[in-house]
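Visitor: Taken from TrEMBL, the feature Ca(2+) 1 binding site applies to GLY15, GLY17, ASP86, ALA87. Annotation source TrEMBL lists Ca(2+) 2 binding site at ASP39. Taken from TrEMBL, the feature Fe cation binding site covers HIS374, HIS379, HIS554, ILE677. Annotation comment: TrEMBL describes 2-125 as domain 'PLAT'. Look at TrEMBL and you will find 125-677 tagged as domain 'Lipoxygenase'. Annotation source TrEMBL lists site 'Essential for stabilizing binding to COTL1' at TRP110.
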Amino acid sequence: MAKLRIRVSTGEACGAGTWDKVSVSIVGTQGESPPLPLDHLGKEFTAGAEEDFEVMLPQDVGPVLLLRVHKAPPALPRPLGPLAPDAWFCRWFQLEPPLGVPLRFPCYQWLEQAGDLLLREGAAKVSWADHHPTLQRQRQEELQAKQEMYCWKTYIPGWPHCLDQMTAKDLNRNVKYSVVKNTKFYMKGSSAVAELKIKGLLDRTGLWRSLREMKRMFNFRKSPAAEYVFEHWQEDTFFASQFLNGLNPVLIHRCRNLPKNFPVTDDMVAPVLGPGTSLQAELEKGSLFLVDHGILSGVHTNVINGRPQFSAAPMTLLYQRPGHGPLLPLAIQLSQTPGPNSPIFLPTDDKWDWLLAKTWVRNAEFSVHEALTHLLHAHLLPEVFTLATLRQLPHCHPLFKLLIPHTRYTLYINTLARELLIAPGQVVDRSTGLGIGGFSELIQRNMEQLSYSDLCLPEDIRARGVEDIPDYYYRDDGMQIWGAVERFVSEIVSIYYPSDASVQDDQELQAWVREIFSMGFLGRESSGVPSSLYTQEALVQYVTMVIFTCSAKHSAISAGQFDSCVWMPNLPPTMQLPPPTSKGQARPEGFIATLPPVNATCDVIIALWLLSQEPGDKRPLGTYPDEHFIEEAPQRSIAAFQSRLAQISRDIRERNQSLALPYTYLDPSLIENSVSI
C-alpha cells in the first residue's frame, strides 16, 4: 500500500462548488485502483478552494496514465433538498506520489449530475505513453462522446453549418454564459427596453418628426465616440474616415482603373482634385480608392410596419490628398447600372442631395457589415472553428489547449442570436431593411466569393492595396496584433511540431482542418481555404487566422456598433423611400421620410448597444486563467505574448492621445479572447 496526496482545485465562479461526493481511481499501465474517496471533516469542494486529501493506494498500478473522477450524490439529502443543483466546476487535480514529480491533471470543466470523467496528465508533448492502448482508447472515447454532444446542422442552405441546438437554455453548461454574465446581459437588455418604452419611442411606428427629435434617442447611453459622430456626421472627411476606422473597415481598396459602370469624368471631380491633374493621373499615382457595395444589387428587401423598404448598391470613389491630407469622397453612384435614372452625386451638388447620397452609402454599410462582416465572418465562422475544435481535438491535444480560450461562450451567444436576432419576428426580421431573407441572400452570395486571403489580415491588406494609406488605424493596430499572435502561435507550434512531417502525421489536426473546410466553407475549393495542412508554416498561418478572427477581428467590427449607430442618420438600418433617380429633389422633410421609423430605430439601437459591450466576466486577449498548458516552455511563450500585447496597448493609448477621435477597438486590453457577445 502507498500513501498519496491529491490536491484538488475548485473554480471561483458562482455555483462552482458542490455538495456531491467525489472519489478518484488511478489508472496505470498495470491496472486501475478502486475508487479512493476524497473526504475529510466539513464541507469539501467549495468555490475557490484548493484542498489536500491523503489516500491509500491498495496496489501498484504502474506508471500513471489517467485519473478517473467519480462524482455522486451524498448519502444524506443536501441542505437545499434533493433537487438542489449539484454541478461542480473542477479546475484541476494534482497527484503527488511519495517519490517522483507531482502530476497535474487539468480539467476546467463543469461536471453535472453524477458520473465519471477521465483526465489525462497535462503535458501536451508526445511521449511513449501516448501509444499505450489505454490512452488511445480514452482518446477515442472522449472524441466520440464530444461528437455526440456537439452535432452539426444546416440552419439555412448556403450558410456555414452550426451547432444543432434549438435554444441556449438547453446547452451544455460548459458552453453557457456564467451566472454573472447571463444576469448582467439580461438586466442590461431589460433596462434598455424599459427606458425606451417609458419614453414612448419603442412602440411608435411613425416617422421621426425632425432631426432635433432624434436627438432624444441620441441621449440614450451615448459615449464620447458617439458624441463625435453626432458632431461630425455630415462632414465629408468623417464620412470617408469611417471606411478606414469605422465599424466596417474591410471594403476600401485602391482603384487603378475606374469600373466601366461608374462613368466619373474629369469635369465632375475637378473641384476636389484641383488644377493640374486628372482622374487618369490620380489613378496612376494610386491616390484613388473605391468602396463597392455591389453585392447588394437586387437583394431581397423587407416590409416594416406594413411598408416596403428599399436598398441600394452604391459605388463610392474616394481621393487621398497628397502629403498627409484627409481622405475625401469624390463621387457616389447609388446603383450598379449607370444612366439617366442613376446620377452620379458629387460634393458640389445641393447640400441635401449630397447628404442623402452619403446616407444611402451608410445604409449599405449597415447591411453589408451586419450580414457579412459581423454575422458571417465574426460569428458564424468562429462557431465553425469552435465546434470543430470541440469535436476533433481531445483535451490533451496541444491545439485544443491553445484554442479553447478563444472559443469561450461562442456557442452560447450564437445560439442566442438564432433565438433573439435572426429568427422570424426578431430584430433582423422586424427592423432592418433587408430582413432575414436579405441577410440570407447576402451570406449565400458572399460564401461563393469568400477566400482564405480575406481572412488573413496581411494578405487582405495587400490584396486591397491599402498598405500605405495614412491614418488607417484598423490596419496599423491589426497588423501589430496579427504579428504578436503569429509569433506566439509559431512558438507553440515549434514546441509540439518539430518538423513538417509531424504536422502531416497528426490525424486529429488533419480531421480538424478537414471539418472546418467541409462544414464552414462547404467544401468549396475555389475559396483557397485549406482542407489539410502539410507544413509548420501553413499551420502557424491557419491557427493565427483562427485566433485573430475570434478575438481582434470580432472586436474591430463589433465594439463600435453602438458608437456608429446611436446617432441613427450616420448608420440607418433601413430606408423607407427608394433611392433618388435625379438631382435637385432632396429636401429636409424628404430626408427624414427616407430614414427608418421610430420603433425600428430603437429596436436596432438596443440590439447594437447590447452587442457592443461585454456584460461582465471578461477575459482580454492573451488572458489564460485556465492553465491548460502545464509545461514551462508554453508558459514562457504565454508570458512573452502577454508582454507584447501590453506594449501594443501602451503604444495605441499614446497615439490616441493626439487623435480627435481615438481608435480604441483594437487595444488588446479591450479585446475579448473570444466571440462572446
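Here the Cβ of each residue, glycine as well, is placed from N, Cα and C on the backbone.
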Visitor: For the binding-site residues listed here (HIS374, HIS554), tell me which residue's CB has the most neighbouring CB atoms inside 10 Å.
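Guide: Selected residue: HIS554.
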Visitor: Taking only the Cα atoms, work out how far ASP39 (Ca(2+) 2 binding site) lies from ASP86 (Ca(2+) 1 binding site), in Å, as a whole number.
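Guide: Taking the Cα atoms only, ASP39 (Ca(2+) 2 binding site) lies 17 Å from ASP86 (Ca(2+) 1 binding site).
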Visitor: Of the recorded positions GLY15, GLY17, ALA87, TRP110, which one has its Cα closest to the Cα of HIS374 (Fe cation binding site)?
Guide: TRP110
Visitor: Please report how many Å separate the Cα atom of GLY17 (Ca(2+) 1 binding site) from that of TRP110 (site 'Essential for stabilizing binding to COTL1'), as a whole number.
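Guide: Given the Cα positions, GLY17 (Ca(2+) 1 binding site) is 10 Å from TRP110 (site 'Essential for stabilizing binding to COTL1').
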Visitor: Give me the DSSP three-state residue breakdown of the domain 'PLAT' (2-125), ordered helix, strand, coil.
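Guide: Reading the DSSP string over the domain 'PLAT' (2-125) gives 0 helix, 62 strand, 62 coil.
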Visitor: Around the C-beta of ILE677 (Fe cation binding site), how many further C-beta atoms are within 10 angstroms, looking at every protein chain?
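Guide: Its Cβ has 21 other Cβ atoms within 10 Å.
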Visitor: Using Cα coordinates, what distance in whole Å links HIS379 (Fe cation binding site) and GLY15 (Ca(2+) 1 binding site)?
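Guide: Distance (Cα to Cα, whole Å): 29 Å.
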Visitor: Please tell me which one of the recorded positions listed here (TRP110, HIS554, ILE677) sits closest to ASP86 (Ca(2+) 1 binding site), measuring Cα to Cα?
Guide: TRP110
Visitor: If you measure TRP110 (site 'Essential for stabilizing binding to COTL1') to ALA87 (Ca(2+) 1 binding site) at Cα, how many Å is it?
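Guide: Here the two Cα atoms lie 6 Å apart.
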Visitor: Taking just the CA atoms, what is the gap between HIS554 (Fe cation binding site) and GLY15 (Ca(2+) 1 binding site) in Å?
Guide: 30
Visitor: For the domain 'PLAT' (2-125), what's the model's average pLDDT?
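Guide: The answer is 89, the mean pLDDT of the model over that range.
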Visitor: Return the residue, from the listed binding-site residues ASP39, ASP86, with the maximum count of other C-beta atoms within 10 angstroms of its C-beta.
Guide: ASP86
